[in-house]
Amino acid sequence: MGLLSSTAVTSLLCLTAFLVLSAHAADPEDIQDFAPPPEGTALDGNYFTSTRLRNVSVENKGAFAIVTAVNVNFFPAISGLGVSNALLVYPPGSVNAPHTHPRGTETLFIIEGCLEVGLIDTTAPVPVLFTQTLQKDDIFVFPRVKIDGDVLTKSFEVSPYVIKTLSDAQQS
């Protein structure tokens, strides 16, 4: 009477295997609840607040966007969370060079004016370009993408060597 039936043993082994496999399923990224403050820094609401964008001017008469980064260098509380922020002020008629975010998704929120955006889906057999003209209060998402070197070569009208050199520099 003290022995388990073969059905019970099989069920127990299946349950154990399921639990072992489930225990190892996890997000491969190094994400945590939040990074604790440096020793001697108070853990209070101030730690979780960034004031970096207060009083940032939204006037830009230059040729390129003015970028105010709000990353871990300026806001340590986001360390390990897999997020970063920036305020970009584009002058009228300017262009942001094609670029990628291979380690994270970007969301773009329009505070004022309008902006034409686009992304290339290079996972399809033939790359597909998605564009949108954003207006005030719109949000656009740029999923993690990797732009194929051939697309960059054609877009910038440069040699593959230039793209490879720039890509290698970005990886290091």
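From the backbone N, Cα and C atoms, a Cβ is placed for every residue, glycine too.
TrEMBL: automatically predicted annotations, no manual curation.
Listed features, source TrEMBL:
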SIGNAL    1-25  signal peptide
DOMAIN    54-164  domain 'Cupin type-1'
BINDING   N96, H101, E106  oxalate binding site
BINDING   H99, H101, E106  Mn(2+) binding site
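What TrEMBL annotates, mapped onto the structure for a quick look.
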residue: N96; record: oxalate binding site; contacts (Cβ under 8 Å, 6+ apart): A65, L88, Y90
residue: H99; record: Mn(2+) binding site; contacts (Cβ under 8 Å, 6+ apart): none
residue: H101; record: oxalate binding site; contacts (Cβ under 8 Å, 6+ apart): F142, R144, V145
residue: E106; record: oxalate binding site; contacts (Cβ under 8 Å, 6+ apart): V141, F142
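Apart from the site residues N96, H101, E106, the chain places the Cβ of H99, T100, L108, F142 no farther than 8 Å from the centroid of the site's Cβ atoms, the recorded oxalate location. In terms of DSSP secondary structure, the domain 'Cupin type-1' (54-164) contains 16 helix, 32 strand, 63 coil. What surrounds the Mn(2+) site, by Cβ distance within 8 Å of the Cβ centroid and not counting H99, H101, E106, is the set T100, G104, F142 from the same chain.
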